[in-house]
Structure formats: C-alpha cells, structure tokens
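The transmembrane segment annotation in TrEMBL covers B:6-28, B:35-56, B:62-84, B:91-109, B:143-159, B:190-212, B:218-236, B:243-261, B:267-287.
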Amino acid sequence: MLELEARAEPSRLMSWASPLLAVALMLVGGLVVFAALGKDPVEGFRVFFLNPVKDLYALSELLLKATPLMLCAIGLAIGFRANVWNIGAEGQFMLGAVAATGVALYFGDSESALVLPAMVLAGAAGGAAWAAIPALLRTRFNANEILVSLMLVYVAQLFVSWLVFGPWKDPDGFNFPQTRMFAEAATLPIVIEGTRLHFGFAIALAALVAGYAFMNRSHAGFRMRVAGVAADAARYAGFSAARMIWLGLLLGGAAAGLAGMGEVAGPMGQLTDKVASGYGFAAIIVAFVGRLNALGILLASLLMALLYIGGEQAQQYLNLPNSISMVFQGMLLFFLLGADVFIHYRLRLRRRGA
Amino acid sequence: MDASLFTSMLFATVVAGTPLIIVALGLLVNEKAGVLNLGAEGMMAMGAVAAFAVTHESGNPWLGVAAGMGAGMAMAALFGVLVLTLMANQVASGLALAIFGVGLAAFVGKPYEAVALQAVPPIRIPFIADLPLIGEALYNQQALVYFSWALFWGLLWFLHRSRAGLVLRAVGESPASAHAIGYPVIRIRYLAVLFGGAMAGVGGAFLSVFYTPMWAEGMVAGRGWIALALVVFATWRPLRVMVGAYLFGGVMITQLFIQGSGLQIDFPSQLLSSLPYWATIVVLVAISRNRNTIRLNSPVSLGKPYRPDA
C-alpha cells in the first residue's frame, strides 16, 4: 500500500513545484466543474481561463484586478512569516478607502497637487490604524489576533455602509449607497491610455520590491522569519515578540489600506458599500500560493485576478453566478495545501506487514 | 419593562443563542481532540444553503436539517483529509475552508436567493409552557432549541463521565501517549472533526430553515467566527459555552429591539448592528488577558499536527 514517508530534508524542488501542481489540479478540477454544471468543458475553459488574457485591454484589466491583491498579499505575507495571523485585511482595506475618501471629499476640490499624496498617506494610515487594534489587544491582553482582526471586518463593513447611506451619501446619487464622484485632483492618473490601469499598479509593484527588501535584506525581516520558523530560537535570541506582532499587523494594515485607497481613487472614483469585494480575503490565498515571497505573490496575484475576471466572464457568457471565482480560488488553495505535504514527505510503496 | 416585552426578549435571546450553542459545542469537541478548525464559517454557510435547498425541494425541514448536517460533515471531511492525513497546517487549512465554504455556498445558493420557506411551527411542551414569564419563551420553542439543550447535557456526560470522552481528551492533551496506549489517534480525531462539521451544519440549517426562513449570501454573518471565539471565551467548558452563547444572543437581539422599538434615539442602525462584533472582541480581551487561564485550559496539543510513527 502507499504510505507517506518523512523526507530527511524538506524538498526545495517540491516547494516550487507544489504551486504549479496545485494550478494544474485546479485546471483539471475546473473542467470537471464545468462538465458537472452541464456546460461544455472546453468552452467553459476558454471563457474562464483564456478570455481574460485574450488582448491588450483584457490584460490591462487583469493587472488592474491584480493590483489590490498584490498590495494586500505582500503586507499579509510579512506577518504570516512570523506567524502573525492578520485575517482582517478586508477591513483594513475598507478603512484605508474611507480615510482616502475623507481627504478626497473635503480637499479634492482644491485642485492641489498635494491631494493625491495626502490620500495615499491617509489610506495607509487608515489601514494601519485599523490593524493597530488587534496588535494592541494581542500584545497588551493576549487576545487572539485572528478572531479580533476578523470581527473588525464586519465592523468596518457596517461603518462603510453607515457612511455611504448616511453622512457621505451623494445628494444627487438617486439614493444609491455611494459618495459623489471624486474630483480630478483626487483621482489616480491612468498609466496606459485607453485602459483603466492606474498609477496604483506602480505603487503595488513598488510595495512588492519594498516587501522583498524588508523580508530578505533587513534585520527586522530576518528576525520575523526566524520567529516564524523557530519561535523558541527567536525568544532565546531575545527578539521581541511584541515588536513583531506590531510590525506584522501595521505593515499588513498599511498595505491593505493603500489597496483600498487605490480602488476608490482608481477604477471606482468614489466610495460605495461594495468597496472591498473580497480582495482582503482573496489576498490570504495569494499570500499562501505565492509562498509568502514577493515574486511568488506577483505571479499568484495575476492568477487570482484571472480567476476573478474568469468568473465575470462566466457570468456574462455562460450564465453562471460569478461566485464561481470563489469556488476556483478555494479549490486552488486546497490543492496547494494538499500538494505541500510532498515538501516534507514522499510517497512510498510498501507491502503490508513489511 | 413590562412582562410581555420581557418574555419576547427572552424568547428572541434563546433563539439567537441557539445556533451559537450548537456550533460552539461541536467545535469544542473538535478542539478537545486537539484539532483547531477555523473553517466553521464555511461549514455553517454550506449547512445553511444545503438545508435550505433540500427543505425547499422536499418541503420537509427535517430532511433539510439532515442535508445541512451532511454538508457540514462533507466540508469537515475535506478539512480532515488535509490536516489529519496530509498533515497540512491547521490554521491555513481552516482559513481555506472558511473562504471556500462561503464561496461555494454563494455559488450553490444563487437560484434560491429570491425564495422564501414556510415558517416551521414551534413545539409547545405541555404544562411548563404555561409558566408565567418564562414558559412561552423557553418551552414553546423550535425543536432545535431543545436539541441544543440535549446536546449540552449529552456533552457534559460524554466529556466528563464516559470512557470515550476520557479517550478524546487524552488524544487532545497528549496524542503520543494515547497512541502508545494503543488508541487510534488519527481515527478519533477524524470523528471529532466530523462531529464539529455536523454541528456546524446543523447550526447553519437552523439559520436558514428556522431562524430566518430564507437564504442570502453572507447570512451566516460571522457567527462561525463568533462560535470559535466562544469556545476560547468558555475556556473549553460546555456550561460556559451556554452562558456565553445566550449573552451573545442577548447582545444581538438587544440591538434589534432598540432598532425596532420606535424609540427615537439618534444612533445609526449600522453602528448599532456592529455591537455583537465589538462584544466578541471585548469578551476575548476579558478572558485572554490572564495568560494562564488560556494556557491551563486549552487542550495541550491544540493545532499541532500529530503523526504516529508506525
């Protein structure tokens, strides 16, 4: 019978191959799903996986979708490396969007060149402030950051709906839950003419580079990696656990807040109650599939963006609910977690009783 | 407060607390065996949608509850394969289950979003339901409310009076010793995980078939996570799970009663609705601030993978 046998050392090959294996399994799974839903699998595959990359405009939309995922995921990865489980990027994203919207609504009409930089700062600060709550409660009172950061997602969602149904509602918006459109000075410039791809993409790429530098080239990043791999060694070396929790959560929150800012100042141009639309949760998958490193996250965010857009395409052309994206995204993470077993174990054929 | 208001608030509190009790007690067994399943939200969502769909198609709410239970168990089995057979990270796998379950439920439930179910009539227990003040609130309730009480008593007995419960706790405290004595650690953990999934599924079924007889995306609204928090808050003790669940139920319905009371208070309803989530954070802080409470009470091997050396 087949048995798992522990490897003497973790396989480097498998730690790179397992995301690829997971993607392959997800594609096969996708064909099965389409067949099970009574759709032609080949047609389904084409619409879901190939339509999103069929021309330059489609590709620009892919990069647009990948932008918030990349930003949130690189921030989360820093914490995850040190076993700081910030699950509330979704809420931090919303608070970043709210803070940036505040700047846009109150100062956007000034046409000052300082409005956008102020929005960037406000977005990062808003996200970081929201993440500071679980950091404070964890370091001060030992409260589990998973549950606290998650509860704050619901609070943030209700807060956003209060704003857009109440004080910030667009008076000329026919009662839709949204603010008025931002002024020109509060909107991110477009980077490729004729598309919606905005300057936030450049910010996200810069964040990836910064995240790489922090994790691999800074002493603080090194300490966090040690803490994640060997908590006892980190404690023995005198690395402050509290500082890592603060760093992990604040950086994650700031990155998610920036992503929120990028959405309201980019493709949306206003704040609505659907601002976050699951990016913060999807980013958790991106971080894992990307192996918690910058290059991996870049690729994984493109893949996840593809799954988002594939879902929209499936809704349009195959008459399937677009929540099918979440099914594929979940499947991807499951396959990855399953494939990861081969990093530490190998399959061995063994006769019973041997 | 007049008597009828008291009765109706008590009634609503019990109803709101019931899914939390069922789910949290299931998770408690799960965690007593040393396995942390953060996927409760996803299992509840799948339980809710499966129960709703089957009830809608068959007209029988009990078939629906059975389907919800089955869906929760299927999700839990998936989790079990990952963390028990393939020894994947429990935190990551649980998160995956939560995200996947919520997404899959939204996908499966799309055709049912605009449909309503017939309300299931409560079961009136003769005589004691006539008690003043509390009778109508406690003993003229949905069958699953009585189930949650039975589950509580059954679990108390199981965990502290039965041999099987002792073995379960041993597996959670020290899987290596349990294995050395000859207990099948992995099989016992599978059973515990499946039980957790079954109860999460029933909790979800309660929401979509009995509590608000309808299905909407996101209707679980964090209750799976609150149930996880409840287990910590209860320091893994069934009685405290009950107390905690009703406290939460009370917080949830208080804000509803304030909103529905017609009192002209100048406080936005959205902010009032965030009260249960703040309450969860507050109790987590209250119980966690003493590090020893958690350390002494949590199952020692909670969240740590175990692989018996053959």
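Glycine is treated like the rest: Cβ placed from N, Cα and C.
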Is the transmembrane segment (B:190-212) in contact with the transmembrane segment (B:143-159), using at least 3 Cβ pairs under 8 Å (sequence separation of 6 or more) as the test? yes
Which bits of the chain, at least 6 residues beyond where the transmembrane segment (B:243-261) starts or stops, bring a Cβ under 8 A of a Cβ in it? 9, 12-18, 20-21, 24, 226, 230, 233-234, 269, 272-273, 275-276, 279-280, 283
Per the definition of 3+ C-beta pairs under 8 A with sequence separation of 6 or more, do the transmembrane segment (B:62-84) and the transmembrane segment (B:6-28) touch? no
Does the structure show the transmembrane segment (B:190-212) and the transmembrane segment (B:6-28) touching, where I'm treating 3 or more Cβ pairs under 8 angstroms (sequence separation 6 or more) as a contact? yes
Quick tally over B:6-28, B:91-109, B:218-236, B:267-287 of CB pairs under 8 Å to the transmembrane segment (B:35-56) gives the top stretch as B:91-109
